[in-house]
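For reference, TrEMBL has these:
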REPEAT    95-135  repeat 'ARM'
REPEAT    137-180  repeat 'ARM'
REPEAT    179-221  repeat 'ARM'
REPEAT    221-263  repeat 'ARM'
REPEAT    263-306  repeat 'ARM'
REPEAT    344-386  repeat 'ARM'
REPEAT    386-423  repeat 'ARM'
REPEAT    433-476  repeat 'ARM'
REPEAT    538-580  repeat 'ARM'
Amino acid sequence: LCLAVGDVDSGVVKVAEWQERMYSTDSGIQSGATTINKDDDSEYTTTKHYTMTTTITREEPDVDAQYALTRAQRMLKTAIIHLINYQDDAELATRAVPELTKLLNDEDQVVVSKAAQIVNQLTRKEASRRALMQSPQMVAAVVRAMQNTSDMETARATASILHNLSHQREGLLSIFKSGGIPALVRMLSSPMESVLFYAITTLHNLLLHQEGAKMAVRLADGLQRMVPLLKKSNPKFLAITTDCLQLLSYGNQESKLIILANGGPEGLVHIMRNYSYEKLLWTTSRVLKVLSVCPSNKLAIVDADGVPAIGKHLTGSSQRLMQNCLWTLRNLSDAATKQEGMDGLLQVLVGLLSSDDINMLTCATGVLSNLTCNNAHNKTVVTQSNGVESLIHAILRAGEKEDVTEPAICALRHLTSRHQQAEVAQHAVRKHYGIPAIVKLLNQPYYWPVVKAVVGLIRNLALCPENQAPLRDAGVVPRLVNLLLKAHQDAQKHDSAGQQTYQVHDGVRMEEIVEGCTGALHILARDPVNREEITTLQTIPLFVQLLYSPVENVKRVAAGVLCELALDKTSAEIIDSEGASAPLMELLHSNNEGIATYAAAVLFRISEDKTSDYKKRVSVELTHSLFKHDPAAWEMVSVWRPPLPGCDISYMFQGSFQHFKIFLFSLVLKVYI
């Protein structure tokens, strides 16, 4: 600010005259102890400081009389002196308010600057501060001066005034009503560090305690000004800034998207990666936890390598930081299934499964479930890190807590399928006595997400021949059959229009349970004893009925289990007597190779004792079905040799579907022609 020397002198004289008129003795500003941090105080905090005001008397104390007083008398005397000083400060400020307000509105910027500095000192004492905040005109004048000045000292003094007033609710309300929030938001672009500190801490106090402040900050584009401040380097300043972001974004999708648009995820991840100040890491993790439930922010955090940056804080001493990081990782992990370099994090998560804290178990199992989904490398790492044993122990400790049980079972289901160590995991479940505990989860009352996961896990475990007997001993077959019947009954309910509609329980469609149970029974039926038990439970009529299902996957698993059961001649006869031939003939023409293959195998087995006319009709259907999509297979028939008698043809299609078609056709030529 450039002013003529004469203007400066006149402004100083004007303020000096006012001071002389208002204070015939010591004003108390110079001699009174302050209760608010100085402008150059390096400690950034928004908590209120209480200190005792010291009174300086002109007379020498009477030492002898002082010692003669009792302790109670001394305390009473001190309290009276403080009360007199408090009243004096309040009366002084009350008398000064009108004139100071006028000076703050003066056109002379030097006058405004000096007046702002006087008001700033008055707000450092509680009594005078309360008197000032009760004057709407005074607070409005401070806000106006802060908005209109280009002088850094005036900006600092006015920002400090608002900061001091924000320690009381009355002061917050005065600032809010005087339009202080837009002015403070503009101060977030100030090049002066102290102004930035006062502005962000005052806004923080408003966001915490003043109703309507959050909306006012959003309308003033506060988020657009705050996110760039993440590039600052002072940890304590950043802690306040990130807490403001959390307060503004919690429960507000628009705010989350504004933070995203201004590069917030990258800045927050940078903090988690490079700083060690616990309070800053904690406030930052709180923002990330809020943003991690937003799909767009979730992807941005993952793309910024946020998962390992957050995961590095799971081994620290701060429990509150660890909990926030775990919840954030749980939210992010479903978008991080393809991320590489997770080995260390996976091992830490397996270690956390030994915790007795239910929240920690919930998060650790949830993250492991997501990170092992469709990721063969992560499955192998967890299996090799004793993940199977740790997950089983977590399930046993969790009892009926579905928030732990469901993700733990899902993780085991992932570990027991489609990776190099899948068989190792299947054996490990049995060796660590997991099968009885897993099968027990099929008991009523059903929590359907857990049931769905358990059924899938049982199917995977049954792929291991050594697990068939332990599964049978645990009573898995009757439990699966009962569950299948209940799910199928629910699935048969019709809506008013007469269309079949599958019921949904806890987010799980009953068709998924029907498919899962039938698929698990299919694999269990590979064991002769299990196969006999499944037939004894009179399941074949239901399986035949499922061949008519409108859901292709249900048709496939139904045809598959019938294919296994038909290995026994008695079961084949029951299948035939239930009228399975007609739907199986139709399924021969399915575009799904698995369905067509199973149907062909079942038809072959149930037609062995049929008349020649029936066999010829089946032969025509088989021939048409097996080669309609692959005429070239004809050329291979003459040079291909079928396996030896007694071979279980139900497994042929798993290797080469074309070979299995040729095998079936060779049987057709041999038996029917």
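Glycine residues also receive a Cβ, built from the backbone N, Cα and C atoms like all the rest.
Sequence-remote contacts of a segment are chain residues at least 6 beyond its ends whose Cβ falls under 8 Å from one of its Cβ atoms, and for the repeat 'ARM' (538-580) they are 481, 484-485, 488, 500, 511, 514-515, 518-519, 521-522, 525-526, 531-532, 587, 590, 592, 594-595, 598-599, 601-602, 605-606, 608, 648, 650. Away from its own ends, the repeat 'ARM' (263-306) comes close to residues 227, 230-231, 235-236, 238-240, 242-243, 245-246, 249-250, 253, 256-257, 312-313, 318, 320-321, 324-325, 327-328, 331-332, 335-336, 339 of its chain (Cβ-Cβ under 8 Å, at least six residues beyond either end). The DSSP breakdown of the repeat 'ARM' (344-386) into helical (H, G, I), extended (E, B) and coil residues amounts to 32 helix, 0 strand, 11 coil.
Secondary structure of the repeat 'ARM' (263-306) per DSSP (helix as H, G, I; strand as E, B; remaining residues coil): 35 helix, 0 strand, 9 coil.
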